[in-house]
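Asks: Just passing along the structure, written as structure tokens.
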Amino acid sequence: MTGGNAALALTMGDPAGIGPDLSLVAWHNRANLRLPAFFLLGDPDMLGARARMLGLDIPLVDTTPERAVSDFARALPVLPVRLTADVHAGEPDTANAGAVIEAIRQAIELTMAGRAQAVVTNPIAKSVLYGAGFGFPGHTEYLAHLAGDALGRTVTPIMLLAGPELRVAPVTIHIPLADVPRALTTEAIVEAARIMSHDLSLRFGVARPRIAISGLNPHAGEDGSLGAEDGTIIAPAVAELRAGGIDAVGPLPADTMFHAEARATYDAALCMYHDQALIPAKTLGFHDSVNATLGLPFVRTSPDHGTAFSLAGTGTARPDSLIAALRLANTMASAEARHTSSAA
Ligand SMILES: NC(=O)c1ccc[n+]([C@@H]2O[C@H](COP(=O)([O-])OP(=O)(O)OC[C@H]3O[C@@H](n4cnc5c(N)ncnc54)[C@H](O)[C@@H]3O)[C@@H](O)[C@H]2O)c1
Ligand SMILES: N[C@H](C(=O)O)[C@H](O)COP(=O)(O)O
């Protein structure tokens with residue numbers, strides 16, 4: 001589902017974090033960056049105050065999704081989502097959690113209605129939302145929940161970290177490490193790899209995706225002597241995927257699948273848990289990797305970093321990952337639109 005030539009829907013994220021800073025800087029440099037048009041779902045007063053704090057003269061305009069592309073050239077288009085409490089940069093406040101969540105909800109609704117091209121989310125602070133009763137581990141699970149509600153079916157999200165050096169995703173996402181072995185099943189690995197393969201073709205233009213699947217245990221279990229899951233859970237998943245025509249290899253020892261020569265042998269890696277995937281992703285490209293959620297009925301990207309509260313309002317936060325997220329959302333949605341129109 002893509003909104004054609006519509007603007008991207010960018011959510012404000014936690015208003016005390018660096019999301020507002022990065023959005024203002026990105027818009028300010030839109031011409032030399034040749035950025036795709038976006039509108040920001042957020043509080044105009046907060047944005048104006050942060051621009052002044054950063055010493056940036058940035059015109060804001062209340063917009064609609066339909067006017068945003070034309071507005072983007074002369075002002076930062078804002079779809080107002082009003083905050084409850086005053087914002088102090090670097091000082092998160094659970095009183096604003098409702099508005100943070102509402103901005104995400106509206107971005108999804110507009111994108112699923114074809115009024116926005118894709119969703120790009122500025123960072124939220126999970127603990128702040130939890131403190132206000134938010135019942136999901138983060139955007140990834142919340143987006144899948146809302147999409148599933150809209151479609152009347154279960155939507156399984158895959159959290160892909162996409163950068164110039166590596167694309168990688170974990171099978172299990174925001175669960176405690178102690179719970180990972182119990183959560184790993186052959187079915188979950190197969191489903192994750194199938195979604196990854198499908199979206200790499202549909203939204204990344206990879207004709208025949210090669211997927212490298214990691215083991216769980218050291219040395220991928222060392223033939224069972226260092227753990228059983230690699231042989232009893234992961235290997236059957238690889239066999240099932242290959243029997244179904246997906247070019248999957250594994251289970252691979254995780255410590256020798258991320259150096260340059262290894263990375264040249266696959267299009268994306270699938271790991272068993274959060275840090276097994278995100279450590280190499282953020283080590284190889286912290287400032288130019290993007291968090292892209294696969295498996296959704298719309299495109300969603302996010303910077304690969306968080307709210308960096310200590311940097312908010314200082315002018316020192318780097319906008320690179322947000323810029324890459326805006327560009328990737330546009331590229332992914334455009335690839336899907338081309339694929340869909342050629343299949344029609
Ligand atoms: N996409 C998201 O919404 C997202 C992603 C990761 C973490 N988070 C949340 O953010 C909060 C803080 O998490 P954290 O401290 O683990 O990670 P973080 O990414 O906010 O910060 C980690 C380190 O990187 C630095 N950093 C982050 N972004 C930067 C930028 N653009 N430019 C320069 N330096 C930057 C920070 O100053 C800090 O030193 C947590 O609540 C976490 O849940 C959200
Ligand atoms: N786990 C990701 C990371 O560490 O970058 C990030 O927190 C994802 O958060 P969302 O599900 O809110 O995108």
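In case you wondered, yes, glycine gets a Cβ from its N, Cα and C as well.
If you look up TrEMBL, you'll see His139, Thr140, Lys282, Asn291, Arg300 marked as substrate binding site. According to TrEMBL, the feature divalent metal cation binding site maps to His174, His219, His274.
Any idea what these are sitting next to in the structure?
Replies: Under 8 Å, Cβ to Cβ, and six or more positions away along its own chain, His139 (substrate binding site) finds Ile104, Thr121, Ile124, Thr293, Arg300, Ser302.
In three-state terms derived from DSSP, His274 (divalent metal cation binding site) belongs to a helical segment. Cβ neighbour count for His274 (divalent metal cation binding site) (all protein chains, 10 Å cutoff from its Cβ): 18.
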Asks: Pick out which of the binding-site residues Thr140, Asn291 has the most other Cβ atoms within 10 Å of its own Cβ.
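Replies: Of the binding-site residues Thr140, Asn291, the most buried by Cβ count within 10 Å is Asn291.
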Asks: If you skip the near sequence neighbours and keep only those at least six away, which residues in the chain come within under 8 angstroms of His219 (divalent metal cation binding site), Cβ to Cβ?
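Replies: Expected: Leu226, Pro253.
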Asks: Taking only the binding-site residues His219, Lys282, Arg300, which have a CB closer than 6 angstroms to any atom that belongs to ligand 2?
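Replies: So the answer is none.
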Asks: List the same-chain residues at least 6 positions away in sequence whose Cβ sits under 8 Å from the Cβ of His174 (divalent metal cation binding site), in sequence order, or say none.
Replies: Pro137, Gly138, Thr140, Glu141, His274
